[in-house]
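Each remark here refers to the structure printed beneath this line.
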Amino acid sequence: MAFLVFSLSNLALTLFAAIITAFISPAAAGSGIPEVKAYLNGVDAPGILSIRTLIVKIVGSIAAVSSSLLVGKAGPMVHTGSCIAALFGQGGSRRYGLTWKWLRFFKNDRDRRDLVTCGSAAGIAAAFRAPVGGVLFALEEMASWWRSALLWRAFFTTAVVAIILRALIDVCLSGKCGLFGKGGLIMFDVYSANVSYHLADVPPVLALGVIGGILGSFYNFLLVKVLKVYNLVNEKGTFYKIFIACTISIFTSCLLFGLPWLVSCQSCPSDASEDCPTIGRSGNYKKFQCPPGHYNDLASLIFNTNDDAIRNLFSKNTDSEFQLSTMLIFFVTCFILSIFSYGIVAPAGLFVPVIVTGASYGRFIGMLIGSWGNLSHGLYAVLGAASFLGGSMRMTVSLCVIILELTNNLLLLPLIMVVLLVSKTVADAFNGNVYDLIMKVKGFPYLETHAEPYMRQLTVADVVSGPLQLCHGIEKVGNIVHILKTTMHHGFPVIDESPHSESPVLYGLILRAHLIALLKKKAFLCTPVQLGADAFRHFSSDDFAKKGLGNVDKIEDIELTDEEMEMFLDLHPFTNASPYTVVDTMSLAKALILFREVGLRHLLVIPKISSV
């Protein structure tokens, strides 16, 4: 009866999360960090930051985490923060009646990108109650383009998050939140006492980093293989997506309920800090079919929230609480389940599963070393989590600060730094960052920070492809419509030729959205003459503001008569007359660095010597 209640509850929650994700917003599936990272790199995938995705992400993440699937909520919280920021950046949502006039100042690409960066920092700050870690995470992992003003804006955002969290936790500590808030939100405050370690403890810590790097890279390798298999199955239709989710849920329930039978019961410690065994609530000592006065240590990890399981693994003075076989079984289970749970059609994060898996492997290593070292098993669990995070996610500074803010002890800093650096260095020899690998599987183009060596041997002229689509300073309406209908480019060079210029000269760049806005207003000319400043009489700044998600005007929606097609448009007043340009002999590596570091959308290539 207990198994039926457990498995059916998990199945119902998983099914609910899968259905709302598959039918309402497929973009809400997965972590969301790869999508936001791709957006900040310049790839605006459809629907990833819409209000529909936001709602499904919140509700689906609650259901998925509650369903005993080994998934986290840190990734979905980053995506949630970014969705809220994007909605502010587009002035709210007209469809749902959530608009504010003062938000129109942010309706441009740069401000929206900055807001999304701050939103991702707020997500990590809220998930781990780590405001400084959130800022560093946005800087190190998410943002492709950073400036000093963005640093204090992100810091201000995470500071507000920390204050609000503190206020909510105080309410919960007064007993008004049930099981929600005793001890804070994912706050593993387990090392407030002094930690002493010696030179003899360094070799095991280095070994922990090496093993963590190897395991982390192997984890990434398996995750990519599983995601590719899931993609093949998902292409067959929505039914198959939901079927995979339900299958994984049933498999997880069977595994979690069956594995505790494999380990023996242990007698309750005489100096236990809480009731042993714990029945009817979360705690460290689950009875699970054991006789009175005994507890099942594996069930104590499995039938708890991920947060409580991590707190149990990190806790000090518990060296005798877990058996060696328990740690091995729990590590292998978490390693496998977190890989298979991630790719299902439901919001699912990777941070917490990786921390749980790393903590169990670290504690297992600590139990093997035993009395040979001075470090407690709980400290090995912290270092194991750090090494596995470093091996999988390849971040150093942000992870170090997040773990320090989680464990609330600055004395761990040297050991965590060493472990993260070693695990990242080892893992980099095998494959890439887990989020970069997921981006490749999902098909998001990503511009790397560094140029490949072969790019130094090429010039920009070697990679230019044609035919070039361009507009003249005064262009016939029919030609503009033809260019917009036959290409998907978002920017077009504007050229001045005779009689407006003695020789062909580059005047500037005009955006696709601006051309469509001009066609929509139908401020056409009967003769090809320059208007100058008079052209702005028919337009307001709102006509050229960045459109909200799903509100982009399309050329197919604009109806023009044959007579209008023969008329002219003066593009000079609406053209960016100072676009970034490079000569065709410039090194491709230099052009890539310029494009990425300045955060460009378009880079114009002009001949070094005019052919005219």
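Yeah, the Cβs are placed from backbone N, Cα and C, and that goes for glycine too.
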Given ranges 180-199, 380-399, 580-599, the stretch to which TrEMBL attaches the annotation transmembrane segment: 180-199
Transmembrane segment according to TrEMBL, located in which of 54-72, 510-528: 54-72
Maximum Cβ pairs under 8 Å to the transmembrane segment (205-227) - stretch from the list 115-138, 150-168, 239-263, 328-357, 410-430: 410-430
The transmembrane segment (115-138) vs the transmembrane segment (150-168): 3 or more CB pairs under 8 Å: yes
